[in-house]
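Chemist: Just dropping this structure here.
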């Protein structure tokens, strides 16, 4: 990195040509098949020129982009100039750079290239410089140079590496049925391209018609789950194959992973403010957990891979996840231990039960109305699904209540909540910069509140949900002494307990001065003491009346 202006790798042009050729083929084949009924000549006459135009235009556009793009890594700034007709100049201060991510999709890997994303943790459009493509050696050099920070001696080494056995946790999520449904929708869409969607539906009905409605639906559901199961396994292999978590010199955590598209994500330890143990319901039942980092300067805004940037360890055995979390924080034991947490009041359980049963009612009510208006089949479907949904909803609500908890553990604030997705966050108390206390109408009636710790890291705020109002304020005040204290009103003196220094009006002391000549030491009734809060002064603790 000499500080001179440099250009992106010229092999971007053949990469673009191959990519556009693939796009042209995918667009031309369905069109040619659709026009083949008219004439082969007509089909080729329409598709071939269009494919050539797409390939040439895409390749020319990439050549122009490459021709007018250059970047420079200077002593103080990273600069990128792009644009053909409208010039775009982007510059990042080096001391504000927080992440340098190196990725390579299969096409870039064939040509030995990578894409480098340099970020400051601000919004994606303003705080990011993307250099694509550069050679792999250049990408590694950029990551090393831009994240080079003065640091004391640190223990280096591998914190975790891939275990192929972790793949068993991949299908234990809601991604599995979603992939199955998506595959079915994709098959119908492709069949519609060729005008075969009606025939596909008729073929399916003919094959499954003898099984009855319930049997046919069960077979389709089983096929969808099987496809989703295989899809979840393939997705896990693509995302996490070759996974490795290292602590590098200078205090940097580096995650490397990916089969077809390789990714290298770096997090400076001085930006770490805590960790989060994430346990999806299926993974939790199998004894697994995921580790996410809570750090400043991570991907923000609308970036689609924001969550993936935070993940330090995929779903793995819970004991290993806790050990990795402790190693990341340089602690002997992870603060996010269930034994350390204080449970929340019983009123929080009632709130979860009401929400769960209300959700079941909201789902069943349309079936009841349509059943009364249209057919009795929907009525039978309503009571059958109610018999299944009510116990499940109650079980999830009770589990969600059992998972509520909080604690102050050393220098960490620990909070846990959730059932379908249980999250336990251990947040460094010095990283807390504010508090938000909210009470809905129903929470006020139950004496509960939701207390959120505001931080510049991770999600931006982490909540103690449905905690006792007084206990929540005490935890917030103890977590960061002095931050919330000025906003807590002192308890007002009891009107039935007169001050021992003030004489009773009903029994005046002989030494008391005449009412017409008040003593200078006694405050006038019209001039209240400055220490007494005004009845009209609102409490600074914010309350929200919306549930």
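Using N, Cα and C of the backbone, Cβ positions are placed for all residues, glycine too.
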Chemist: Quick one: which of 315-334, 335-354, 355-374 does TrEMBL have down as transmembrane segment?
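Modeler: The range carrying the transmembrane segment annotation in TrEMBL is 355-374.
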Chemist: From the ranges 169-191, 238-260, 261-283, 284-306, pick the one that TrEMBL records as transmembrane segment.
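Modeler: Result: 169-191 is the stretch TrEMBL calls transmembrane segment.
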Chemist: TrEMBL lists transmembrane segment for one of the ranges 211-237, 400-426, 427-453, 454-480; which is that range?
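Modeler: Comparing 211-237, 400-426, 427-453, 454-480 with TrEMBL, transmembrane segment matches 211-237.
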Chemist: So what's the average pLDDT for the domain 'YdbS-like PH' (401-467)?
Modeler: 96
Chemist: By DSSP assignment, list the helix, strand and coil residue numbers for the domain 'YdbS-like PH' (67-136), in that order.
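Modeler: Across the domain 'YdbS-like PH' (67-136), the residues distribute as 10 helix, 37 strand, 23 coil.
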Chemist: What is the three-state DSSP composition of the domain 'YdbS-like PH' (401-467), stated as helix, strand and coil residue counts?
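Modeler: Per DSSP, the residues of the domain 'YdbS-like PH' (401-467) fall into 11 helix, 41 strand, 15 coil.
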Chemist: Who are the chain neighbours of the transmembrane segment (169-191) in space, where the CB to CB distance is under 8 Å and they lie at least 6 residues beyond its ends?
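Modeler: Distal contacts: 197, 199-200, 220, 223-229, 231-233, 235-236, 280, 282-283, 285-286, 288, 314-316.
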Chemist: What same-chain residues lie close to the transmembrane segment (12-36): Cβ under 8 Å, and 6 or more beyond its ends?
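Modeler: Non-local partners: 42-44, 46-48, 50-52, 54-55, 57-59, 61-63, 65-66, 107-108, 111, 113, 132-133, 193-195.
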Chemist: Give residue numbers and ranges for long-range contacts of the transmembrane segment (355-374): same chain, 6 or more residues beyond its ends, CB-CB under 8 A.
Modeler: 380-382, 385-386, 389-390, 393-394, 396-397
Chemist: In the same chain, which residue numbers or ranges, 6 or more beyond the ends of the transmembrane segment (42-64), come under 8 angstroms Cβ to Cβ?
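Modeler: Residues 12-13, 15-17, 19-21, 23-25, 27-28, 31-33, 35-36, 84.
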